[in-house]
């Protein structure tokens with residue numbers, strides 16, 4: 001008997017699983033706010049040079065005329081953001097005057113910003129424009145670096161310390177560092193706290209998903225996993241609404257960080273994974289947690305009859321060969337695990353680089369960023385409904401592969417849409433982003449089911465590291481547009497299609513299959529599957545020979 005049979009005996013998908021999943025997925029939704037927060041807190045507003053302090057506007061009461069006399073216009077008739085005339089050119093106010101051969105200089109006295117949409121952003125506060133404009137992207141790269149470090153750190157710690165301890169710490173770290181970010185006075189301090197916030201992303205996502213999967217019976221895993229995607233989508237919609245209502249960046253930063261203090265407080269009630277406890281010899285605590293689950297699910301009698309010996313009958317065969325110490329090498333040591341790990345490295349990196357390449361720069365579409373953010377969130381809902389249906393009735397492998405390939409084709413097709421059709425380009429990009437978001441959530445669940453419990457968190461952490469590398473690579477790939485505008489979409493689209501083909505060719509289906517607990521059990525399952533296929537092939541050949549038909553001729 002498997003551990004999932006024990007969960008079924010204690011109520012299956014009962015009240016405990018529903019409440020437990022909801023409490024874990026709510027923080028995951030607000031994580032989306034932090035991931036895409038810089039689309040609003042670091043938005044770039046129209047700006048132009050500030051005139052020197054010794055200049056006076058006394059010569060004219062018309063601010064428009066003053067601007068025309070001090071700031072040159074670009075080819076679109078808009079004031080240059082990074083240049084000004086060395087001296088006011090009042091002669092330019094005449095209709096027949098020409099600005100050619102007029103001396104200009106850089107903005108030496110700061111900038112004036114249009115605050116009609118954004119009253120304050122980090123760009124305005126620290127003048128991250130013109131020569132310093134790359135620092136804006138640097139801040140987001142620092143956040144993604146934190147996510148990368150967190151994936152490596154928390155993935156390893158969770159297999160050693162349990163799922164709950166890193167999760168509780170991540171809630172506290174995000175609450176403190178997020179609130180501190182709202183009060184910092186320098187750009188360098190802002191980057192430090194953004195890095196600490198990024199670290200918590202992996203600690204929360206990976207441990208929340210593992211706890212949900214490990215407390216959920218087989219028949220409830222698909223819906224629970226896909227709900228993680230819906231929570232992330234809900235977070236994007238919440239961000240669009242909050243950013244529209246709370247325009248100053250410091251208040252917006254504080255508003256999306258404060259709820260994690262509440263999550264930290266109630267997370268102490270969440271029980272540790274009994275699977276992990278049993279794997280690490282903490283049977284008494286595992287039995288106590290299982291009794292609590294039984295009581296909440298209305299199966300108090302079954303819970304009272306649980307003892308260490310009874311629980312052992314469910315998990316002895318699965319945990320018999322478990323190792324108490326694991327390393328990153330275990331992800332490559334045996335053939336079955338090695339194939340899964342190498343394939344998932346490609347899938348997570350490709351999915352991430354394409355996803356963040358599309359989703360991080362909302363201003364490039366030329367529409368209201370609040371509208372684009374809402375559209376990018378809303379489009380995920382039908383995409384994930386389709387993903388949920390196909391994962392339940394078709395399988396994980398086909399779902400992930402199909403969404404990745406479809407997203408890649410949409411990204412490449414967007415190259416052929418004219419630049420002046422911004423609405424069409426935005427809608428098509430949103431559809432591609434919806435497919436990538438759905439495949440992202442599906443592959444989270446798929447990865448958790450592919451790895452055995454013994455190294456599940458380490459495997460998910462390692463896979464997440466590759467996703468964060470993709471997130472770091474996305475801005476670099478986007479800069480290829482300066483060489484040729486076709487390079488970024490071709491790169492994003494091709495990697496997505498490649499990942500879809502890798503899933504279809506090399507990963508096995510896990511729909512309605514019990515979770516594997518140990519590396520040895522997974523290797524046995526793979527060998528049994530190969531032996532079964534070999535037996536079926538030999539039986540078919542014998543049947544053909546008995547009919548007097550050569551297998552080779554039949555194949556031809």
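A Cβ is built for glycine as well, from the same backbone N, Cα and C atoms used for every other residue.
Cross-referencing 192-213, 280-301, 302-323, 456-477 with TrEMBL places the feature transmembrane segment at 192-213. Check TrEMBL against the ranges 106-124, 125-143, 144-162, 429-447 and you find transmembrane segment recorded for 429-447.
Range with TrEMBL annotation transmembrane segment, chosen from 225-245, 498-518, 519-539, is 225-245.
When TrEMBL is compared with the stretches 398-417, 478-497, the one noted as transmembrane segment is 398-417. The stretch with the most CB contacts under 8 Å to the transmembrane segment (167-186), chosen from 192-213, 225-245, 251-270, 340-359, 398-417, is 251-270. Ranked by the number of CB pairs under 8 Å to the transmembrane segment (365-386), the listed stretches 192-213, 225-245, 251-270, 340-359, 429-447 are led by 225-245. This prediction places the mean pLDDT of the domain 'Major facilitator superfamily (MFS) profile' (65-511) at 82. Two recorded stretches are said to be in contact when at least 3 C-beta pairs lie under 8 angstroms, sequence spacing 6 or more; the transmembrane segment (340-359) and the transmembrane segment (398-417) meet this definition. For the transmembrane segment (192-213), the most Cβ-contacting stretch among 225-245, 398-417, 429-447 is 225-245 (pairs under 8 Å).
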